Amino acid sequence: MSESRKLFIKTYGCQMNVYDSERMAEALGAKGYVLTEVAEEADMVLLNTCHIREKAAEKVYSDLGRLRPLKVARPDLKIGVAGCVAQAEGEEILRRMPLVDLVVGPQSYHRLPDMLERTEGGARVIDTDFPEEDKFEHLPERKALRGPTAFLTVQEGCDKFCAFCVVPYTRGAEVSRPFARLMAEARALVEKGVREITLLGQNVNAWSNDGRGLGGLIRELARIDGLERLRYTTSHPNDMADDLIEAHGQEPKLMPYLHLPVQSGSDRILKAMNRKHAAEQYLRLVERIRAARPDILLTSDFIVGFPGETDADFEATLALIRAVGFGSAFSFKYSARPGTPAAEKPELPAELCDARLQTLQALLGEQQRAAQAAMVGRELGVLYEKAGRLPGQMVGKSDYLHAVHVEDPGARPGDLVRVRITASGPNSLAGERIGV
């Protein structure tokens, strides 16, 4: 295979997909492919997809349609669909989109080079199995790092079976990667210049291996010289073990930020969602987390318009939001996903869902602006990730995951500095460097 072949990857959805796209690029890099940011010049286009909402899935088909002129002009162009839409729809993608050469599910990325080779003879290839072998054992060593931060998948899959969610069907059962392999990969990342690692999993705090839970893993990772920061996402409230909560108060390298989805503040809706916890349990959990780390910034996920949601249910969600005070949150109208239990229930009127979402987002936006404004005057650690748009400007992330713009000529990505926050905006902060 020619060393000059180019690969374009479009990534949809969660951080796990970002990580998976990096690993697929590395797997194909071993076959001579180099990344390009221009689809028109690529020899292979790979869409790494998200199936969590209907709009995300339909966007994939729309984007595939836009690739048709490229395929017509260059029949040798290879087009692949990866990720959760690939896993969920499989053969349907090949049926609807004749231009697609291969379809690969999240658990089969290590087979991608072989699949691509099989398409060279004109075959259309699909692999959406859940293989017994560990895909991570068959992927090459990570090489192309884009900056001082990196994702590290520690856990995949989900056993929770929330009534609205496709993840258990597209990602499979919960599987924890071995402790020793994670430590080795983390050390290798640090040797390549990484200073912050975010641990990933569909239910990352369900990770367990070798007698350790996620709190124990974090404590061991924190002992790696040169690794300055740790984060993890996404968590389920039912898997917030005591040891993990204690780590937030005891481990300085674990950043004071936690994404803890709750979805609703109504016990009736939480039960219908099969979340297996009540609103009061979530509130007590928040109290325990803040007792361990009082300055922690909490974010969450919310769904409005779940089948059967009444005005009282929605008001209960607003009450929970007011009680917690979130730094930010992702919020969506309910989207029925085929094959999930909730998809069989009658949906609420779209106008009602739109109105509830607008009300919810107004409250969340108010809390986010307040959280941003509260940072003004504080001194925070900021890890520079890239140059800003203005001359001499750097952009990095604060301890609380805020984007921070700092005028700091001569600084470089990877510098970890102290910054006094001088201004807050809707989605970022500005500050001045005061030290290291």
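Keep in mind that glycine also has a Cβ here, set from the backbone N, Cα and C atoms.
Note that the coordinates shown come from a computational prediction; the quantities given were computed from them, not determined experimentally.
In sequence order, Cys50, Ile52, Thr234 are the residues near Cys14 ([4Fe-4S] cluster 1 binding site), counting only same-chain partners six or more apart with C-beta under 8 A. Annotation source Swiss-Prot lists [4Fe-4S] cluster 1 binding site at Cys14, Cys50, Cys84, citing sequence analysis.
Within the same chain, residues at least six positions away from Cys162 ([4Fe-4S] cluster 2 binding site) with a Cβ under 8 Å of its Cβ are Gln263, Met273, Asn274, Arg275. Residues or ranges marked as [4Fe-4S] cluster 2 binding site by Swiss-Prot: Cys158, Cys162, Cys165.
Per Swiss-Prot, domain 'MTTase N-terminal' is recorded for 5-121, and the stated evidence type is sequence analysis.
Residues or ranges marked as domain 'Radical SAM core' in Swiss-Prot: 144-373.
Each residue of the domain 'TRAM' (373-435) gets a DSSP state, and the totals for helix, strand and coil are 1 helix, 37 strand, 25 coil. Per Swiss-Prot, the feature domain 'TRAM' maps to 373-435.
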### Summary
Cys165 ([4Fe-4S] cluster 2 binding site) has its Cβ surrounded, within 10 angstroms, by a count of other Cβ atoms equal to 22
#### Entry: Integer Cα-Cα distance in angstrom, Cys158 ([4Fe-4S] cluster 2 binding site) to Cys84 ([4Fe-4S] cluster 1 binding site)
13
### Task
Using DSSP reduced to three states, classify Cys158 ([4Fe-4S] cluster 2 binding site) as helix, strand or coil.
coil
## Note on the structure
Students should find that the Cβ of Cys158 ([4Fe-4S] cluster 2 binding site) has, within 10 Å, a number of other Cβ atoms equal to 22
